[in-house]
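**Student:** For reference, the structure I am asking about is given below.
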């Protein structure tokens, strides 16, 4: 967010520096930005809802919670959806300028802007929950708070979640202090800059996964970050450095997909997620499926050889018949030849007649023997053809040979890289739970890196709220508030506030609940439910520099940089940097031969599992755990009261990718978790003036208003009824409040 201007201009006045670069337009496939400008409202509004991760034609559960009054009739619901989607469209068209409720009312077509209160409520909801007015934008209105004393929030961690919460809470009018242990911003968003050159490389998160509905893309427009398309072409080389045949690669990739689909079917449709009381891991399922496929292959081979044997047996029988017919024909031919031999005209006529009859019988039998022989020979010929055709269909000796299995291991390693954990530790039931919410569209990277992106988000108006090199030692919380003790340059400082938002990585939280001295200590200790969730959730490792070792190299466009990926067990490698670099160069030399340089100009090895402020890469649900771990991790912790129960006021809040059930292990998941907790904290202290339960409340929070607006129309809780009475859906609101 930029500083509020003394002479704010209207949102309708476009910024000349509004990002509209060709590169970004190319990244937004199918003309998505242009789609938002279509005159056909239905198409444009559908695009706006999709870009905001909301359904176009129905209310979400969250919206139903705050707006139960609009679900009373189809007309009220349709009105809500049109206003909501239109506000989203207006924001996405120009995300560099704040969209105020008055701007929304002004730009809504008549008669949809007649219920100004409803428009303000919807605007307030969308703003509170980070669907509009997030990231870096020009402020047009001042935020007013109800309380005389500004509430103070202490945020721990300057990663994506912490920065998101900081910007939102500051926008809502809170006093915020952010403590970051490192001497830089970003957390696991870290970009390496080579000295005296323009070469950059992301050492943490690298890819913007999906552009449709991704808030990172919107903020890239705001901060003028240049995107780089991530190529979908991924040539695969074998252990000898030879390029794997594309057809073979496609077959193995298809087999990997089918194995995954089968595993998903078994666990989600057949409801089989354990064997003999043991929860199935992804490795268990995949190995069992591979074993079953191997068993099926061997059964096919058994059936094949049984059919083969049956054909051979039939051929043997036919050959025996042919031999018999041949022998019979020879016998009959001999009989014909010798029948009547030695007879003369003097031989008795009866004898001659008998010989003639016998000769005719022999000829008839010979003809039949020849016919049967020819028929048997044709049957033998057909059986031989069948046998030759059958040989062509002989099943493989194994389902997957050693070379194909190595190719399959590449896909397994990639899965371990994506999830952050080894397959034997991943829960089969929950490892693909986010697939339903996976963002569509191309993947892309940021030319100057995620680190540069996060730095651009920290504008001058919030930079002074961040304390770097502030290592938190103790987090104390009670009914009165929170105290956070931190160390900077060996000096201990104390920060006091009303609540604390922890965006501490899961790996550090694990060390904290285990009582490690080098991790922040909670006083009192966290409730058993929260501590148990922290302990159960898995936290994976991903190293950039067996299976998974140097399994993937990523090349940055137009830059002499290669990023080598290591995942799974290989990522636990504690070998010296020189050994890892040598292994990487050996792999490259095996592929490119003499064209490969002997060594890199410079090499950087990331070891997130050894970083004391990360202790790992990203979270995953381990085998044997529950799916609601993310919900448990995101649940606020209340102060402990005299009876020892944690039933006091909410004091400790949690955000980070490990608390995002829909978008785990992603930057946008971390960012949205910070947005979520900022909204939760705002609801706690400011209330929800847009909720139906506040309609009858004479007091309210002014979410936005122009300084020169003197009338009551800037309020989010007008109490006067318009002439002619209230509309039907407003009557429903009143009835709901009375209940």
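Heads up, the Cβ atoms here are built off N, Cα and C, so glycines get one too.
Sharing the features that TrEMBL gives for it:
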BINDING   182, 188, 657  FAD binding site
COILED    308-335  coiled coil
COMPBIAS  8-17  compositional bias 'Basic and acidic residues'
COMPBIAS  704-723  compositional bias 'Acidic residues'
COMPBIAS  730-739  compositional bias 'Basic and acidic residues'
DOMAIN    45-143  domain 'SWIRM'
REGION    1-23  region 'Disordered'
REGION    702-739  region 'Disordered'
**Student:** Let me know the most crowded of the binding-site residues, choosing from 182, 188 and counting other Cβ atoms within 10 Å.
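**Tutor:** Per the Cβ count, the most surrounded site is 188.
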**Student:** Taking the Cβ of residue 657 (FAD binding site) as the centre, count every other Cβ atom within 10 Å, in any protein chain shown.
**Tutor:** 29
**Student:** What average pLDDT does the predicted model assign to the coiled coil (308-335)?
**Tutor:** 93
**Student:** Specify the secondary structure state of residue 188 (FAD binding site) as given by DSSP, simplified to three classes.
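**Tutor:** Reduced to three states, the DSSP call for residue 188 (FAD binding site) is coil.
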**Student:** Using the residues the record lists for FAD (182, 188, 657), what whole-number Å value is the largest Cα to Cα distance?
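**Tutor:** 19 Å is the greatest Cα spacing among the residues binding FAD.
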**Student:** DSSP on residue 657 (FAD binding site), three-state: which is it?
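**Tutor:** Assignment for residue 657 (FAD binding site) reads helix.
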**Student:** May I have the DSSP-based helix, strand and coil counts for the residues of the domain 'SWIRM' (45-143)?
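**Tutor:** In the domain 'SWIRM' (45-143), the DSSP-based counts are 57 helix, 3 strand, 39 coil.
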